[in-house]
Amino acid sequence: MAVLITGIGELTTNDDALGTLHDAAIVVEGPEVAWVGPAAAAPDADERVDVEGRAALPGWVDSHTHLVFAGDRTAEFEARMAGQPYSAGGIAVTVAATRAAGDAELTANLRRHVAEAARQGTTCLETKTGYGLTVADEVRSARIAAEVADEVTFLGAHLVPPGADAESYVDLVCGGMLDAVAGSVRWADVFCETGAFDEAQSERVLRAAARHGLGLRVHGNQLGPGPGVRLAVRVGAASVDHCSHLSDADVEALAGSNTVATLLPACDLSTRQPLAPARRLLDAGATVALATNANPGSSYTTSMSFCVATAVLQMGLSVEEAVRAATLGGARALRREDVGVLRPGARADLHVLDAPSRTHLAYRPGVPLTWRVWRAGTPVA
Ligand code: NIG
């Protein structure tokens with residue numbers, strides 16, 4: 001059945017040939033976009049939805065979340081707002097709560113957050129393991145994530161579990177843990193940071209993951225300057241995420257690579273880190289993605305619109321650049337061609353705003369502007 005969505009006042013396609021259209025329409029057939037163009041030239045369809053001049057864009061692609069978890073870290077957040085610094089050690093609190101939770105609780109928690117994101121326009125979402133840190137708990141997290149999320153990343157190297165020896169734990173991650181989990185994930189990631197894994201340990205994990213055929217991502221340069229970005233570029237990672245502390249050499253390395261710089265402004269704000277240098281990265285020619293980093297510790301939000309508004313209001317991006325980073329940028333970080341773009345053959349992931357233009361995302365920050373969402377051609381409730 002073909003559905004004609006028409007009366008689109010401003011349509012962001014992210015397609016180089018189509019660009020941004022005014023008074024536009026889309027035809028959706030099954031899970032895919034069948035046609036995009038001026039409303040006046042739209043073909044007939046079985047059903048017609050008139051969005052009456054509202055703006056539409058591809059659904060958000062949230063390429064960095066940690067949503068397989070249990071428990072709550074409100075107290076840690078309150079302490080941080082009172083001046084305590086954020087440290088990787090807080091992860092252990094969520095590890096304990098996650099290990100203690102049953103499968104049903106973890107699944108329900110993940111589904112609740114993914115549904116919350118979808119209601120705000122997120123139609124493609126990556127999530128990670130990393131709050132299990134034993135073979136059994138990481139396998140369980142990966143299995144639960146794969147039931148719900150579009151993309152799953154193995155993050156056994158999130159933290160050395162309390163009481164464990166770092167080198168022995170890295171041996172386990174590179175050996176039995178990867179063997180057990182590799183079949184149910186597409187990506188592997190490592191937290192390369194003081195207090196988590198050093199450069200040599202991180203590289204060991206990434207090389208082992210690559211031998212299992214996994215794509216690579218790195219948490220890098222989050223809490224201070226460090227080797228994460230250079231390591232990510234060296235191993236050919238699809239993305240390096242956080243990037244709050246970048247040297248000129250880091251920016252240059254990213255600009256000369258295929259590694260996407262995934263920026264997480266909600267996390268920067270919540271952990272009182274400097275906002276990542278989005279403008280410098282774009283000006284240098286790097287590919288930038290925006291993502292929420294939704295997790296109970298450093299960034300407890302599923303709102304991509306908040307990230308877009310912050311990128312415009314505080315990081316020097318234009319609305320067009322920020323929206324592109326939160327859609328096509330995320331798709332590039334996940335090496336996906338079918339999402340983050342609206343053109344014939346793309347997945348029919350459409351986000352209609354209750355506003356005449358995408359500019360309202362930054363002009364009216366904090367206002368819930370999502371009006372309707374379709375994911376793979378199906379309306380999101
Ligand atoms: O991306 N940096 C490491 N991991 C998460 C934090 C997770 C937590 O604090 O629970 C992040 O910020």
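Count begins at 1; order follows the chain as displayed.
Every residue, even glycine, has its Cβ placed from backbone N, Cα and C.
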TrEMBL has R73, Y131, H158, S298 binding 4-imidazolone-5-propanoate. Which one of Q201, Q222 is in the same site?
Q222
Overall pLDDT for the domain 'Amidohydrolase-related' (240-358), taken as the rounded mean:
98
So the record assigns Y131, N295, G297 to N-formimidoyl-L-glutamate. If I measure every Cα pair among those residues, what is the longest distance in angstrom, as a whole number?
11
How many helix, strand and coil residues does the domain 'Amidohydrolase-related' (240-358) contain under DSSP?
48 helix, 18 strand, 53 coil
Check H219 (Zn(2+) binding site) against DSSP and tell me helix, strand or coil, would you?
strand
Count, for each of the binding-site residues H64, H66, R73, H158, H219, the other C-beta atoms lying within 10 angstroms of its own C-beta, and report the residue with the smallest count.
R73
Roughly how many angstrom lie between the C-alpha atoms of N295 (N-formimidoyl-L-glutamate binding site) and H66 (Zn(2+) binding site)?
5
